[in-house]
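Note sheet for the following structure.
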């Protein structure tokens with residue numbers, strides 16, 4: 001079984017590309033059913049966030065990568081975008097190292113941001129819920145979570161309050177000096193939307209409107225702030241008229257706010273959704289200011305230096321953690337092989353022993369039967385090692401011969 005991952009992320013792909021290849025907003029159960037239906041795909045975990053879409057897989061044949069790319073391409077709306085031009089393939093320990101760094105926030109656009117760990121955990125949970133994760137992949141994710149917890153507790157990588165959500169609010173503050181007199185509309189009440197809400201409430205705006213597909217979730221979040229209100233997405237046309245700042249963090253497959261919704265009133269539009277929820281053409285209107293996820297980079301760069309030192313400490317923890325994981329995996333593999341070896345030996349002994357005991361019970365010479373039993377066991381136990389040594393000798397594999405000699409306590413010098 002081999003461990004691989006296929007990824008499209010912000011490092012190689014701009015927002016319009018990431019939007020096309022995003023798997024968020026699609027039926028999760030359908031996604032897992034379809035990917036597990038591919039021959040040689042054994043287990044899978046699908047992660048899709050604003051900055052990346054990644055698929056982690058246990059496969060039985062590396063040639064299946066082409067089939068997975070075809071599967072992924074099938075969800076792309078614009079045929080001009082070809083996944084082979086953008087994806088990155090990782091294999092084996094590279095996958096585990098990347099996932100550890102990712103969960104710790106070292107691969108994020110915002111260095112050390114904590115939200116990604118929650119997103120990785122959510123993806124893991126959904127995979128389990130859809131019976132798509134196996135023992136090996138499960139062990140990988142458990143070690144990843146333990147590593148991320150250790151990094152958070154032993155470093156200050158997440159000390160600065162910097163996230164995509166925080167950076168979005170920073171951009172809004174740059175455009176509008178006095179947010180306390182402004183109305184803010186947040187679209188989406190997921191993890192990022194809730195984080196946005198918390199950052200906005202700290203600025204004490206005149207009013208916060210939170211729109212979501214299900215109003216119950218929005219009501220739960222807004223109940224803690226007296227100037228906040230919860231709304232359905234269907235109310236967006238009316239809400240936009242009131243809003244000075246519109247921030248979107250929602251999973252949709254097409255634009256839900258376009259130029260037809262806005263008049264001459266100056267507004268700040270910030271879209272951190274993938275795929276994009278706010279039409280970029282909003283920024284072409286003279287009175288508007290428009291930012292997308294990629295525009296947040298400038299804000300993020302200001303905070304990177306503060307975290308670089310903590311990042312190096314986190315890297316050391318990750319390297320150590322990976323070494324621990326690999327050592328444990330070696331033990332699991334060897335223990336499994338040892339168990340199988342004993343089961344094989346038990347099978348050989350049990351069969352010959354039963355035959356020998358039956359002969360003794362029938363009055364045959366016990367001494368002769370025991371000698372014969374010992375000879376048969378010796379012959380059966382040594383059959384495969386002898387065949388293997390002969391084959392290794394034919395192929396000139398002296399390393400295999402030395403290894404087998406050591407296994408049986410023979411003199412390796414001869």
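Placement of Cβ uses the backbone N, Cα and C atoms for every residue, glycine included.
These features come from Swiss-Prot:
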BINDING   49, 50, 51, 52, 108, 113, 114, 115, 119  substrate binding site
ACT_SITE  50  active site, nucleophile
SITE      98  site 'Important for activity'
BINDING   188, 189, 190, 191, 192, 193  NADP(+) binding site
Identify all same-chain residues not among 49, 50, 51, 52, 108, 113, 114, 115, 119 whose C-beta atom falls within 8 angstroms of the centroid of the substrate site's C-beta atoms; report them in sequence order.
105, 109, 110, 116, 164
Taking the Cα atoms as reference points, how far is residue 193 (NADP(+) binding site) from residue 49 (substrate binding site) in Å?
13
Please determine which of the binding-site residues listed here (51, 108, 119, 191, 192) has the lowest count of neighbouring CB atoms within 10 Å.
191
What subset of the recorded positions 49, 98, 108, 114, 119 lies within 10 angstroms of residue 191 (NADP(+) binding site), using C-alpha positions?
119
Counting across all protein chains, other CB atoms within 10 angstroms of the CB of residue 193 (NADP(+) binding site) number 25
Can you give me the Cα-Cα distance between residue 114 (substrate binding site) and residue 192 (NADP(+) binding site) in Å, rounded to a whole number?
11
Can you tell me the CA-to-CA distance separating residue 98 (site 'Important for activity') and residue 108 (substrate binding site), as a whole number of Å?
11
Not counting 188, 189, 190, 191, 192, 193, residues with a CB within 8 A of the CB centroid of the NADP(+) site are 194, 195, 196, 212, 249, 250
Quick one: pull the CA-CA distance for residue 189 (NADP(+) binding site) versus residue 49 (substrate binding site), whole Å only.
15
Below 8 Å Cβ to Cβ and six or more residues apart, same chain only. Which residues does that give for residue 49 (substrate binding site)?
24, 116, 119, 274
Nearest of the recorded positions (50, 51, 108) to residue 188 (NADP(+) binding site) - Cα to Cα:
50
Binding-site residues compared (114, 188, 190) - highest count of Cβ atoms within 10 Å:
188
Measure from the CA atom of residue 50 (active site, nucleophile) to the CA atom of residue 190 (NADP(+) binding site) and give the result in Å, rounded to a whole number.
12
Whole-Å Cα distance, the residue listed as 'active site, nucleophile' to residue 192 (NADP(+) binding site), is 10
